[in-house]
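According to TrEMBL, the protein carries these features:
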DOMAIN    1-55  domain 'Double zinc ribbon'
DOMAIN    125-224  domain 'Phosphoribosyltransferase'
Amino acid sequence: MLYPRRCPVCDGFLGGKEPLICRKCVAGLQLLEGPVCLRCGKPLERKDQEYCRDCGKKRHSYERGFAPFSYRGMIQESMMRFKYGGRAEYAKFYAAAVMAYGKRLLEYWSPDVMIPVPIHRERLLKRGYNQAEELAVRLSSMSGIPVERRAVLRIKNTKAQKELNDVERKKNLAQAFSIVKGYSPPRRILLVDDIYTTGSTIDTLALLLKKNGAQSVYFACVCVSPGDT
């Protein structure tokens, strides 16, 4: 049975000639432009800034990252459906957006492999898929960067990060991940996730990967939370 295609942004039905998103969303959707943080890619308030306040006062374990969208408005609602509403097919559009926005950075970083941020098996059973893995698989087919889905495990079913402050996030993620037995991380790694907020998850994974042999860890997400710029 064929189901009508839906726009990943507004969830409305797509016309036959509308490729990935509807005409209305094409007109209203905006990629991040102007000054962004040189570390995490969050939008900045002033052109003379190089880093957001968070990156200015915190030393991250990763090198750099980016995201094409700010986590608000239509995109925020869309990401909720993608993550919790069974809309795994949204990954095709969002991977294309990540690729179009970050192509030059990906070419410059030249990662050996991309690793999707893992979710705990209980959440995987509940959702039916890992949205980060769906993104990574499609991004891999577009970029040619191989994806490694069995590199890191989430061994602790942590609380939802969105409910916690920065200190609580770090405590929540303590010993949450483990390298799969026998896996040796390559030198340059790209982590893939849906939303970047404070960077606690990316930092935790980057530190773990570096302790096991990686030299440089970058990230690509769909959205960055505006947060404290």
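Cβ coordinates are placed from backbone N, Cα and C, and glycine is handled just like the others.
Across the domain 'Double zinc ribbon' (1-55), DSSP classifies residues as 9 helix, 4 strand, 42 coil. Across the domain 'Phosphoribosyltransferase' (125-224), the DSSP tally of helix, strand and coil residues reads 39 helix, 25 strand, 36 coil. The average pLDDT the prediction assigns to the domain 'Double zinc ribbon' (1-55) is 88.
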